Amino acid sequence: MAYESLASEPNDGVTDHNDDALYVGIDTLKAARDNIKGWYLYSFSSEPFVVSAVATYVPLLLEQFARINGVQLDDHNAPCSTSSSDKCVLGLFNNRVFVDSSSFALYVFSLSVLFQTVVVISVSGMVDRWKTISFRKNVLVTFGMVGAFATVLISLLNETQYYSLVVYYIVANSCYGVINVVGNSLLPLFVDDLVRLQPDHTVPAAEELSLDTDDKDGLTTVISGRGASIGYSAALVVQLMSILLVRLSPSKQDIQYAVFFVGLWWAVWQFPMYWLLSDSIIPDQQSNQAIANGRYYDIDGSIFTFVNLSSLKYGWKLLGEALKHATLLRDVVIFLIGWFILSDSLTTINSTAIIFAKTELHMSTINLISLSIITMISAMVGAFAIPQIVSTSLHVPPQRTILLIICWASIIPLYGMLGFIFQSFGLKHQFEMFILGVWYGISMGSVAAVSRSLFTIIIPKGRESTFFSLFSITDKGSSIVGPFIIGIVTDKTHNIRYSFFILFILLVFSLPIFKMLNVERGKREAEEISKLHVNIDPIQD
């Protein structure tokens, strides 16, 4: 096994055409363009899992399995009725612990995110040490196939296998977390290769939008935006197909048919992605240019070659380095604390609302999938319209924009709380759920767009990867806390409506934290820290 590396990072997107050692008889430009297409397929194949399965299908299945295997709250000797109006609890660990059927789904979601976070940090270190496209491709496909297989297995379970449902869901969600991080890490490499291999600086994606290929940030944004659009389009297709499959099921409510389709979709699109992704630049093993710069080349790209304790520990070393850098920047710390609370609140609203709609409003499976589609479309509109209207047209700075979005989002739990006072409104009817679905979608789409742009302003240039790893971990890891707290509240009250109080408090609590953010001070501190030459040797143990 030979490990080689490129001489240096690309110099302003200019290729040294005299460096023939970099080219080993392959159509490098075609390979670079194919990599972009393969990256689009990564989003196209996996996005339906998180949009459809994680957000809608699996929470419904968890609540359904818990209810079918549960007992009545008032009489643990009486089996739970399939009617959604009964209060049911599920006995766990040989009936040593009883949890509300709604809480069960929330606890499992929290547990899955915990496992996902640990796996992602560990695997990301391994990927950062061996940066070949071939190796990362194998990581993508391996975890993609395992995740897809686990998703298909969920669809084959019978209703008594609730422990198996938990295990398969944790495996699938952890696999998605890995491919999400690895997929995002590939984009900068693809853009670098595309720019340096294009001799006349006419990259098609840049031409169409009047971007110079020297503007790597602009080109990256264009390709990233297209990938996100392709992913959402795939999720929309899967959701529409899921409605048809559920309608064709014997009970016309069997959501496992939809889960099977999600797993099948995820698996099938791995094959063209595998064929498209490859190393567009591979150094000659005899070349004097094979000098370490961090891009290590394993020609075989086997994932199993690098699974060792040293590689797994490296991810945690990188996390420690990122935390050390973050503590030097006051406004980055303020942002991450606020983002932890805000992201947790918004994510928990989704998982809570889907269970609330099923158990309290008795919405059918078809209506719940339709609600998910409406929310997704609204998120796409929010991601595009809010930054354009509020930030560009009205010239509202990002910090104030995110405060407005928090106020907008807090209306959702506040409206749910009104149900304790009024009998005619306050999430008492199904149509109200569709209205709030639009409201929530706009919140999610806009906050995703604005938060990233705001964070970009206050982090040091040249260390974006380090700080965005913290952003990602904060974003994903925060989802451990909210569902767990809501699960406890629902267990104590056996009324999931009380969760709206917790969600409202969390959203309001994030307001003064973001208010403390000083963007100008953050920019100054970021410029100062960017002058420091702090780094980790990627091959040190």
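Cβ coordinates are placed from backbone N, Cα and C, and glycine is handled just like the others.
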N-linked glycosylation site per Swiss-Prot (candidates: Asn158, Asn308):
Asn308
By Cβ distance under 8 Å, which residues at least 6 away from the ends of the transmembrane segment (332-352) in the same chain are close to it?
55, 59, 105-106, 109, 326, 375, 402, 406, 409, 412-413, 440, 443-444, 447, 451, 454-455, 458-459, 467, 470-471, 474-475, 477-479, 481-483, 486, 496, 499, 503, 506-507, 509-510, 513-514, 516-517, 522, 526
Check for me, if you would, whether the transmembrane segment (228-248) reaches the transmembrane segment (41-61) - at least 3 Cβ pairs under 8 Å, residues 6 or more apart in sequence.
yes
Contact check, the transmembrane segment (257-277) vs the transmembrane segment (470-490), 3+ Cβ pairs under 8 Å, seq sep 6+:
no
Taking 41-61, 103-123, 402-422, 470-490 as candidates, which has the most Cβ pairs under 8 Å with the transmembrane segment (366-386)?
41-61
Check the transmembrane segment (139-159) against each of 41-61, 103-123, 431-451, 470-490, 499-519 and return whichever range has the most CB pairs under 8 Å.
41-61
Residues sitting near the transmembrane segment (402-422): Cβ under 8 Å, six or more positions beyond its termini, same chain?
342, 345-346, 349, 353, 356, 386, 390, 396, 428, 432, 436, 439-440, 442-443, 446-447, 450-451, 454, 497, 499-501, 503-504, 507-508, 510-511, 514-515
Count, for each of 41-61, 431-451, 470-490, 499-519, the Cβ pairs lying under 8 Å from the transmembrane segment (103-123), and report the range with the highest count.
470-490
Contact set, same chain, for the transmembrane segment (499-519): CB under 8 Å, 6 or more residues outside the stretch:
331, 334-335, 337-338, 341-342, 344-345, 348-349, 352, 356, 397-399, 402-403, 406-407, 409-410, 412-414, 416-417, 454, 457-458, 482, 485-486, 489-490
